[in-house]
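Encoded as structure tokens, the structure appears first; notes follow it.
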Amino acid sequence: MGWKEAAAPVLTRMPAVERPEGHVPFRRKMYWTGGVLVLYFFLTNVPLWGIQTAGNDFFGQFRSLLAGGQGTVLQLGIGPIVTASIVLQLLGGANLLGLDTDNDPRDQAIYQGLQKFLVGVMVVLTGAPMVFLGNFLQPSQQLAQSMPGGAFGVEVLIFAQIAAGGILLLFMDEVISKWGVGSGIGLFIVAGVSQSLVGGLVFWEGGVGSQGLLPTWFDIIVGNVSNMPPLLSGSGIEFLLMQAGILGLLTTLFIYVVVVYAESVRVEIPLSHARVKGARGRFPVKLIYASVLPMILVRALQANIQFLGQILNSTLASMPTWLGVYGGNGQVTGGLFYYLAPIYSPNAWMWWTSGATAARWQVLIRIAIDLSFMIIGGAIFAIFWVETADMGPDATARQIQNSGMQIPGFRKNQGVIEKVMERYIPQVTVIGGALVGLLAVMANMLGTIGNVSGTGLLLTISITYKLYEEIAEEQMMEMHPMMREMFGGGD
């Protein structure tokens, strides 16, 4: 008996959100999407009951990307979902699952059940060390005195809350995927990054360097900034670029323009209908063919590596210096985990500034590792993404063949169409994945409004762009119901 036969009775009965029986009207989809987003914002502001303080956010640079809230019910964010996706993509890429998710409905149900099971496992593997080992969430000593089991009982209560939040986020994503518009994970990332961007623009407390861009410039204009250097001097230019937020603003605008332009760059393969004379179309192969979503997987892998370092630092009595050196604030400052940590702000690599602590050679090695990790990892995960999302040459050729279309000048044969697609899709996938990885590192190094991670900004712009396209498509199907069949919208 294989693993499928043994696991099928359990995996096919995993809880799931029921699929709609027919076409869901656009307005109802927007209601579902808006309702889930309101619930998401509510949960990111519900503090965990039983913690002493939220503590230092050791994963602040990944917070917007993982769409979580420090010290809240959504402490884990989409981390377990993304990590489970990484495991599934690696297993599927190595052909170890033996599942035909394209043609066999039973294998599809097993795959979806396996995904939910792995998410549950990752919730435990991520949440348990965070509560019981890492001291990231300190239990309230006052509550521990009146709680059965003392501090351990409070820790169990905290773990139950973040585990429930992680599982609830999985089903919220499923609700949007089946009943709403877009992807739940994508919308949660957009929501988290948008909060940071708005705060980076209008936050009015904390003084220059820690408040928003608009209040900072208001203080500069009215002369409300103490010890401000002459603006035309070297220190004044550094002040304008770094503390006044000019560099972050320019980087944000630059990334926005590049991503929107890259989304519009495409190779269009002409198509014609085999039976309907004059019916023509084009199949677009975009420069960012795999989208920027594979970057979530790359950054999540980096986040898990840093999480392992934090766990080792808090549990080992004396951590080897070659492995990692951690400061009083919990941030890594040396060792292997330092070089594997992503660059997430200008201060992390500008060794000539006053706040720099690392030597030039250390910074250069770290930049080289981060660039290599993101560019190579972006290309590899883009390939995995294309294959698992049925966007590869074989799946695309099959979809074109089944739609009755063909490439003019070629025989109406799936193998012929596949060979034409192989000229473009694999190469564009690798180039697009590497380009997105490079842009993510550049955005992190130069800084953005609200200190949003470069990957989070890339994802937000790209997801918003695709969401706009999806909404336009949905409205077209509402206006012309006959278009649903062409887009696969059902009855």
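Cβ coordinates come from backbone N, Cα and C, glycine included.
Marked as intramembrane segment by Swiss-Prot on the basis of similarity to another entry: 59-66, 67-78, 79-87. Sequence annotations record features per position, and here Swiss-Prot assigns topological domain 'Cytoplasmic' to 1-20, 88-109, 178-183, 267-291, 386-428, 468-491. Residues or ranges marked as topological domain 'Extracellular' by Swiss-Prot on the basis of similarity to another entry: 48-58, 135-152, 203-244, 314-365, 448-452. Here Swiss-Prot flags 21-47, 59-87, 110-134, 153-177, 184-202, 245-266, 292-313, 366-385, 429-447, 453-467 as transmembrane segment.
The recorded stretches the transmembrane segment (292-313) and the transmembrane segment (453-467) share 3+ CB pairs below 8 A when only pairs 6 or more apart in sequence are counted, and are therefore in contact.
Packing against the transmembrane segment (184-202) from elsewhere in the chain are residues 33, 36-37, 40-41, 44, 63-65, 67-68, 77-78, 81-82, 169, 172-177, 212-215, 245, 248, 252, 293, 296, 448-452, 456-457, 459-460, 463-464, 466-467: each is 6 or more residues past its ends and has a CB under 8 Å from a CB in it. Across the topological domain 'Extracellular' (448-452), the DSSP tally of helix, strand and coil residues reads 3 helix, 0 strand, 2 coil. Secondary structure of the topological domain 'Cytoplasmic' (1-20) per DSSP (helix as H, G, I; strand as E, B; remaining residues coil): 9 helix, 0 strand, 11 coil. Shown for the topological domain 'Cytoplasmic' (386-428): DSSP residue counts in helix, strand and coil, namely 26 helix, 2 strand, 15 coil.
The helix, strand and coil residue counts that DSSP assigns across the topological domain 'Extracellular' (203-244) are 19 helix, 0 strand, 23 coil.
By the Cβ criterion (under 8 Å, sequence separation of 6 or more), the transmembrane segment (153-177) is in contact with the transmembrane segment (21-47), since 3+ such pairs are found.
Long-range neighbours of the topological domain 'Cytoplasmic' (178-183) within the same chain, counting only residues 6 or more positions beyond its ends whose Cβ lies under 8 Å from a Cβ of the stretch, are 17-20, 24, 26, 28-30, 32-33, 36, 293, 463, 466-467, 470-471, 474. If you count C-beta pairs under 8 angstroms between the transmembrane segment (453-467) and each of 21-47, 245-266, 429-447, the highest count goes to 429-447.
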